[in-house]
Number of protein chains: 2
Amino acid sequence: MATASPSPERDSGAQNIEVDYVISYTIPPSPPTETAEAEASFISLIESLSATGLATEVRPGRTPSSLLVFVKLDSEKLLKDQVYRYRVQDWLYGVRTAAPNPSHSPLTEYFASEPVTEAERLRLAYLLITKPKNEGGAGITPKVGVWRFVSSVFPLHDRKFNSEWLKEWSTKYVLDEQDLTKIRDKFGERVAFYFAFLQSYFQFLVFPAAFGAAAWLVLGGFSWFYAAVNCLWSVVFFEHWKMKEADLAVQWGVKGVSKIQLPRSQFKFEREDVDPVTGEIVKYFSPFRRLARQALVVPFAAACVVVLGGLIVGCFAIEIFINEVYAGPFKGYLTFLPTVLLTIFNPTFTTLLTRLAERLTEWENYETVDAHQASFVQKIFVINFITSYLGIFLTAFVYVPFGKILVPYLDVFAVTAQKFTTEGKPLPTQAWQINPDRLKKQVIYFTVTAQVVNFATEVIVPFAKRKVFKTVEKVQTELAEKNNDGTAVVKIQDAPDEAKFLKRVRDEAELSQYDVTIDYREMVIQFGYLSLFSVVWPLTACSFLVNNWIEARSDAMKIAANSQRPIPWRADSIGPWLDSLGFLSWLGSVTSAALVFLFNRTKDGGGPPDGSPWDITGWALLVAILFSEHLYLVVQHVVRGVIQKMDSPGLQKERAERFKMRKQLFERMVQQEVSGEEKIPERSKKESVESGRFWGRQGPAGAAETIAIGRALIRQAVDAGEKNQTKVARD
Amino acid sequence: MATASPSPERDSGAQNIEVDYVISYTIPPSPPTETAEAEASFISLIESLSATGLATEVRPGRTPSSLLVFVKLDSEKLLKDQVYRYRVQDWLYGVRTAAPNPSHSPLTEYFASEPVTEAERLRLAYLLITKPKNEGGAGITPKVGVWRFVSSVFPLHDRKFNSEWLKEWSTKYVLDEQDLTKIRDKFGERVAFYFAFLQSYFQFLVFPAAFGAAAWLVLGGFSWFYAAVNCLWSVVFFEHWKMKEADLAVQWGVKGVSKIQLPRSQFKFEREDVDPVTGEIVKYFSPFRRLARQALVVPFAAACVVVLGGLIVGCFAIEIFINEVYAGPFKGYLTFLPTVLLTIFNPTFTTLLTRLAERLTEWENYETVDAHQASFVQKIFVINFITSYLGIFLTAFVYVPFGKILVPYLDVFAVTAQKFTTEGKPLPTQAWQINPDRLKKQVIYFTVTAQVVNFATEVIVPFAKRKVFKTVEKVQTELAEKNNDGTAVVKIQDAPDEAKFLKRVRDEAELSQYDVTIDYREMVIQFGYLSLFSVVWPLTACSFLVNNWIEARSDAMKIAANSQRPIPWRADSIGPWLDSLGFLSWLGSVTSAALVFLFNRTKDGGGPPDGSPWDITGWALLVAILFSEHLYLVVQHVVRGVIQKMDSPGLQKERAERFKMRKQLFERMVQQEVSGEEKIPERSKKESVESGRFWGRQGPAGAAETIAIGRALIRQAVDAGEKNQTKVARD
């Protein structure tokens, strides 16, 4: 029935028939108390939504234990009211230049001149669903407290737009501003900013890719010239992006929205205070208490270093021992041991630490979503920094320079291994020689292989997973139909004209939420490889250039097909990732200098680094680093100055808006006579009389008489001058 | 006649009888062409002022070759018009939260609720006098072009306020916000910010003064603990001030005024362009050309280093040679040679370089006063940095560690000197020993003696100078009266009721302009001593504490008695000096670490530094510096985070204003029905029909039926769950 459908029904499946949000509601079949609670909560859900002015419809979900509640704004009045309210707020916070001015023009006109985008409508609808009842919302907080049965609240994809989007991008080489604006109107500024960043980064990569290829051919690795150009590039990119994002924020009309903070529903307050200024009730949580909790980031970072660092160092040591020292039995198999260990434990530890980071951030108890997000991002940056870069750091700054001293300690493995061998003979080992290619191989692994693996896990795995699940489900459904028990009843309930649409909604309900953080993280870490280590292998940027063309498309695909439609939040920048970028760019100046200083001599016939702390004078290395770092800071200062001078579309827009406002206001002012008769309270009478005498001396008309008297005085001055001269001449 | 005056005339001398500005006009008595031009220019001056709506009166100046033109705003209408215009501009730039709204309330009411301060009136009057004619001003640009005969435009002091101010401050220990607000209302925010900074710095100094005294008693010099605390203090002070100044800007209603740039009349444009956005004509000067000119700051800095550095190094070398090596004749006199050389050449070179800096900045051709000022400040900071700190740097980082190597080269002086002695005998020299107290003595000199000398040159010298000039003048006048020639005629012209007043104006016309930059420079350089070198002598802050109490009063005195009343410009921060402060604070972390590392061993029995590069390992020193610097940056980050969390009066004010606005707007919105009938254009008809069917299923009332159906579905789910369980149990 639902499988073979005529064309009109296919249409209804692709369209969203005015649904703003779908609430996926889970009913636990047991224990009965939970079921009863779920039922009560469901009633209050519908009542709350309805009281807020939202229309609701309920349909069964895929499984009998889930319901789908469809929500839409019931009236245009409600929407307009919300739009107006939030635009006024924007204006108060300086986000909008022009105030929505209901007293001057009818609202219809106003909304015709500034239409409501889909993203704005959906954002406000989401706020209506989630904000507390005392602020006029329905107060639904998914997965929390009484609303723990609400498993998700999501808008429906615009299938037509999505397929056009993917088609367009897959045939396009460069994304332009219009493409970004389209994304902004559909998915909100937060997602649009990610694509804008990706696009900007992609375009900037062209230069280091070309230069890197040339450097690879001509200069080879560890060239100080490449390092300098690369650092300069990363500064220019960073500063340019900072300007670009401010500019986009102006163009998109979201400059300063980060000041309008979205309260976190999970925030727990200590007490409610009355704001001494506004008289409003505010929720209070001691910032010092929070500060104390924030201080836990230090032991957290230490834990990350110990756990992940320990794992990496351990695997590293085993790997070196097996590959370069060990020559006993099973060497062919044992070679894979460190990789296996890493593959098993790295994701496990990372997941555990990420969960710990979540808990910690939760415990820090932020009032706003942004603050929470920023704190969480900080922590996952620490984790990712270690997992991504520590291995290379070890090779470059421990293994190569100090290997000769440290490797003998690896005999501990030999001793351990010997205990398990019954013969009692010493394990056969080979003469150890440092592997000078190791660093390069590692960098290539991280910048090429890992990127491909990443793509696979991000796009292909979820796709395959869904395919498998669907097959399993189909088999199950067939089995259920055979058994002909309760589950089949639900199926029959779908009205034929809705069936297709409901099937689509059920599919979307099962998708995971899109988290832009993960995509940002990937790009920032990638930028880190380029900034920190590309001096080892200058082709790095070429690899990234190819990767990122695909990345933009696969991310689009991820949003359009593999995730629920994201809630179109606004943003005025890439947020906390900006700091991470700046940090990596700065650190690049340090590592590049160190790498060039340590490894460059290989080429000059100074002999390869041989694993002993050879004739590098510590202070020369430090001077190189200090010099490079401070040169970096100076260059950054200069580049920032230059970039700030440039004009940009956003600035032009701002200027135009301001000019328009000013013109209007002055025109209005001219029309309306500024009254001249009203006098400011007179000064003390006595002074007024005296000043009257002073100012009256040269007649009421003033100017003419002042000029006459002035000229007389000038005459006198000239005369006096002449007399003096005569006198001098006479003397 | 004018000397013995009755009481009412004394009053008229103290009051300003509505005069807003006095223009001091100089007439060159010869050559006749110049005189004629001055006369023509005078006529056009009065006409321009009059056309702008300013009333004028002319009186003779002190000498026959000068005129005083008194200017006031002729009508209240003009003033209100200007105030309204500029307040609208402020609002457009986000400086004011609330828009002046003429359509909603009569202007009288508006001006009653937001009165015009004296500073605002004077500022707008000055703008009227100076801004170009096409913007509605008189276009008078003192000392430039046709207005080269206008030697100054200045407002008159409020004598009553000034004497009360000085009296109050001299008896007060701590200045409060009210004192600052008074200054702001009289002299504008720019001057008020200086005093606010001075006061804040003074209060912050209490801590290092107390701690420094304790450290001096207990720890002595070169204590790492003192260095750490001192660095921490300077970070806290810097970050606190950044917040404080933002806060004051909000309280004073000037937050963001730095965005409203005052155009520089001296700006020379390459061509006039039409702004593509606004259609306004804008003056264009290539930013890249300016950038190229700005790059000259590098050779300029190099020149400063060579000239001033050469002088200091030379004097330093001579001093060491004479004091510590030389033992020949005239030693008693020769000791003073370096001081004499420094006293002669240092001010000369500084003046020359400052003039060069002025020229360079002029040549960089900035469009706005702020940009010009910032660039100039940057340059004089370079000059002052060298003259103030280089000597100490030399002692600490060259003389002490490398003295033994370098001093023998000083024999060049001996050889030179020998050429002038006829006897041909070698000059008697003494065995050289490094002077370990030299560094401390030098720091004490700069932080105590130099401060006292500074005070003297700043306050006592100008005062004495004026006294002397007055006496000379008096004698001259008496001589002139005896001779009874032309000059006496001018004297007689003064009307008896004006004589006292005119005398005062003539006095003020001769005073120099107050330049807040000089005062800032002094304080910033002082802060530098504390941050960079106080680890040498921890009592530094005590000296500064005493000095700055006097400094605030002497600066007040300087403004009130030794300078013309400043034009009350606005400002929203201490401007470019903030960067200098930050730089010095950061550099402090480096020098402190280096000083402690180099000199601390003296105390640990490791032997005093003896002038040879002893057993300091270079890399250990660099590690100490690197560590200290990066620790500093981390601490700064943390402190910034903590300080930003704090609530402040300015933030409260901002919140209150925003709340008020919001409340008003929402109240207005509630009164005015947001029309509900107007419909946004309907979606495509087909979809609308279908969605009607979808949304219609559960009745028009929605909620009740949705709940009923939902409950039925929940029942089914439970049943299904139970059946399944039964099934499982049956299997």
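Just so you know, glycine gets a Cβ as well, placed from its N, Cα and C.
Note that the coordinates shown come from a computational prediction; the quantities given were computed from them, not determined experimentally.
Here is what TrEMBL records for this protein:
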type	residues	note
DOMAIN	B:18-150	domain 'Anoctamin alpha-beta plait'
DOMAIN	B:183-657	domain 'Anoctamin transmembrane'
TRANSMEM	B:191-211	transmembrane segment
TRANSMEM	B:217-238	transmembrane segment
TRANSMEM	B:296-322	transmembrane segment
TRANSMEM	B:334-353	transmembrane segment
TRANSMEM	B:381-402	transmembrane segment
TRANSMEM	B:527-550	transmembrane segment
TRANSMEM	B:577-599	transmembrane segment
TRANSMEM	B:619-639	transmembrane segment
REGION	B:674-697	region 'Disordered'
COMPBIAS	B:676-690	compositional bias 'Basic and acidic residues'
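Applying DSSP to the domain 'Anoctamin alpha-beta plait' (B:18-150) sorts its residues as follows: 64 helix, 22 strand, 47 coil.
Of the Cβ pairs linking the transmembrane segment (B:381-402) with the transmembrane segment (B:619-639) and spaced 6 or more residues apart, fewer than 3 are under 8 Å, so the two regions do not touch. The domain 'Anoctamin alpha-beta plait' (B:18-150) scores a mean pLDDT of 84 in the predicted structure. Between the transmembrane segment (B:191-211) and the transmembrane segment (B:619-639), the number of CB pairs under 8 angstroms, six or more residues apart, is fewer than three, so the stretches are not in contact. Non-local neighbours of the transmembrane segment (B:217-238) in the same chain are 201, 204, 207-208, 211, 440, 527, 530-531, 534-538, 581-582, 584-585, 588-589, 592-593, 595-596, 599-600, 602-603, 628, 632, 635-636, 639, 643; each lies 6+ residues outside the stretch with a CB under 8 Å from one of its CB atoms.
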